[in-house]
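As recorded in TrEMBL:
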type: BINDING; residues: A:Gly12, A:Lys13, A:Gly14, A:Gly15, A:Ile16, A:Gly17, A:Lys18, A:Ser19; note: ATP binding site
type: BINDING; residues: A:Cys97, A:Cys133; note: [4Fe-4S] cluster binding site
type: MOD_RES; residues: A:Arg100; note: ADP-ribosylarginine
Amino acid sequence: MAKKLKQIAIYGKGGIGKSTTTSNISAALAEAGYKVMQFGADPKADSTNTLRGGEYIPSVLDLLAERRRVDAYEAIFEGFGGIYCVEAGGPQPGVGCAGRGIITAVELLKQQRVFEELDLDIVIYDVLGDVVCGGFAVPVREGIAEHVFTVSSSDFMAIYAANNLFRGIERFSNSGGALLGGIIANSINTDFQREIIDDFAARTDTPIVQYVPRSLTVTQAELSGRTTIEAAPQSAQADVYRQLARRIAEHTDSKVPTPLNPTQLREWSARWADHLVAAEQAEAERSRQVA
Amino acid sequence: MTLNLKTSSVETREQRLGTIIGWDGTATQLADESAFSRGDCGGCGGKARRICELEGPFTQGSVCSEQMVECQAGNIRDAVLIQHSPIGCGAGQVIYNSIYRNGLAMRGLPVQNIRFISTNLRERDMVYGGADKLAFAIKAAVERHAPKAVFIATSCASGIIGDDVESVARAAEAEFGIPIIPLHCEGFKSKHWSTGFDATQHGILRQIVRKNPEKRQDDLINVINLWGTDVFTPMLGELGLRVNYVVDMATVEQLAQMSEARATVSFCYTLGTYLATALEQEFGVQQIKAPQPYAFAGTDAWLRELARVTGREQQAEDYIAREHARVKPLIAELRPKLKGLKGYVATGSAYSHGLIGVLREIGVEVDGSLVFHHDPVYDSEDPRQDSLGHLVETYGDVKHFTVGNRQQYQFYNLLQRVKPDFIIIRHNGLAPLAARLGIPAIPLGDEHHALGYQGMVNLGESILAALQHRKFHQDIAKRVSLPYKQSWLAEPDPFALSRGATA
């Protein structure tokens, strides 16, 4: 096999739009002719829904729970544009160990040489929220994914999660782990939001790969069980995702991140909070004067 | 299907071979259901090795894959084994130390203690991760023992928290300049402990065996075994071949040179299947594909195949003829003394196939056997290695052939069904129950005892010796009772509970 498989992991705080972003990247890459696999590493097993018309697929761990021997191919389903959709799956909330689930699922696919045999160009791992335990670090460890991108809005909680991820990557970086590709800045509609995320990026010396505005087109597409690329291919938002996908496909050099330590992060967010409060007060003052 | 040595952890037996741990029927039926190994799987494909399995509602006791790592990787003379686990996983160190020391003594090697270090994972480590402790343990191992390699046995605990054992090992390898080998043997991963053998061998293949051997040692044969006495050196010496015993009690260098050898053999395909197949796949070291070397038929065929592969046919034929002439009168003497006796074999899977052949050859009746698991096929997928098929084709059927992972409550019914005069075992926990039923046990701690031509004589003599104390066992039986309810003691079907649970 001559071509080199590119493996990418996308992390970010829960609810920040990771699966939406990931699925649109996958769809845009498939549209551009790449052979793509999207691997959902979240016990909710809903990463690939919008690639399959809103439908859930049986997960690797569902299969493992049912049978004695598992053929990994039984957990691979075709989605929009021929994308190979896989969900690691995992336990119900509050029971078992979701992190172990990811270890088990990734190991099974590796052992059965699925990535090689499908002759893929790109595998994208869509990984749940925070790197809370060893299991969630598996996609960035042991040379599985080479590049990590984080989806973050300008909310402090999302930025904290991104910073935590940077710490995880920094930790594994000297032992063959993945490196940081950059930030996908999501739901960025105002200059102010952009300033915050830009400032965090500058402080951590991290490139912003793409600004993705919040858009109703995305919501509409999601509600119809599709990606924006599929549901509104002519929209401006679809072009944003296409540009993002192109940048990711062309991306070659990732680096060791320089996260903020807890004190720095606290001071940084406190300063922005003061700034926000001052701005809000000025706004309120202006409204009163107008009245 | 090729073995995948690229991933750090080995594929389990059930994934690779369709291994089962619960089954009851005749040996012929089981051999037929394992049709894949007989080369006539038809269109069912590589992933379809399924035999209908009986599943019990509970397990009374079992063994862990990690223990198989302890008794293999832990017995390499110039290496250290780190158990990255809570201290309880180290409970077997005492018994494994005694086995190791006995083995060294039997083999005429300097007697020493096992060199194990436990990272003693505790509550705090489960929460914060045990990687630092592991790094510290590796450093301690290097400083204390100056080993040629360090093995790391993972545990359920380290596996659940996802400790990054690989990274720690890589960093230590760079620092100390010796192989540091993680062996992924979490007990929960596989339903049968023999996956632990494969985990050890996988690690050795990945990190110790010389990748690009500069020379070939054309008269060197890898012999995969445990602690047994050295019966292979004289036997292979007859063919002008040298023995490289692996894995137990080998040195790191002896493991490294496996890729230079001419061929690989083993006393038991359960133990040797992964290593032997991988050595052939990766380095072209031929695996001998023949019945195992037990009784006349098996030993003849095995020697002839080894001779064919190594180009020593004439020496082999001479040796075979000499041994037949030497051993046949001895067996003729034993046969009348053993006439009318019934034996029961309760051992590892492929090993039992060999032993039953030996018993039948010396005139002992066998209508029951318990094997602790069953591999429908070995990694080579070569029908010439179909050890169960060889047994039934050469020596006939075994009426009550049972696959079960050594459950005490079942062992009672199994023995009642057959009522043997003695049992042959290699594992603990079986002899006490048999003794309470008045049945003496022959423990083959030396796994080579019944191997080859002399093995038939050895086993015959051991049976006669064991029967000398039959009266002692009958006395025990008269005075003790079993802790089971009358309803279970009267139950004719050892799998009654499983059938209830399965239905």
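Glycine is no exception: its Cβ is also placed from the backbone N, Cα and C atoms.
TrEMBL entries are annotated by machine, without manual review.
Applying an under-8 Å Cβ distance to chain B, the recorded positions A:Gly14, A:Gly15, A:Gly17, A:Ser19, A:Cys97, A:Arg100 reduce to A:Cys97, A:Arg100.
The two recorded residues, A:Lys13 (ATP binding site) and A:Arg100 (ADP-ribosylarginine), have Cα atoms 20 Å apart. Considering only the recorded positions A:Cys97, A:Arg100, A:Cys133, the residue whose Cα is spatially closest to the Cα of A:Gly17 (ATP binding site) is A:Cys133. For the binding-site residues A:Gly12, A:Gly14, A:Gly15, the greatest number of Cβ atoms within 10 Å around a candidate Cβ is found at A:Gly12. Checked against A:Cys133 ([4Fe-4S] cluster binding site), the binding-site residues A:Gly12, A:Gly15, A:Ile16, A:Lys18 differ in C-alpha distance, with A:Gly12 being the nearest.
Rounded to a whole number, the C-alpha distance linking A:Lys18 (ATP binding site) with the residue listed as 'ADP-ribosylarginine' is 21 angstrom. Compared over the recorded positions A:Lys13, A:Lys18, A:Arg100, the count of CB atoms lying within 10 A of a residue's CB peaks at A:Lys18.
It is 21 Å from the Cα atom of A:Ser19 (ATP binding site) to that of A:Arg100 (ADP-ribosylarginine). A:Arg100 (ADP-ribosylarginine) carries a helical DSSP state (H, G or I). Cβ neighbours within 10 Å of A:Cys133 ([4Fe-4S] cluster binding site), excluding its own Cβ and spanning all shown chains: 18.
Annotation for the binding-site residues A:Ile16, A:Cys97: lowest Cβ count within 10 Å of the residue's own Cβ, A:Cys97. Burial estimate for the binding-site residues (A:Gly17, A:Ser19): highest at A:Ser19, by number of other CB atoms within 10 Å.
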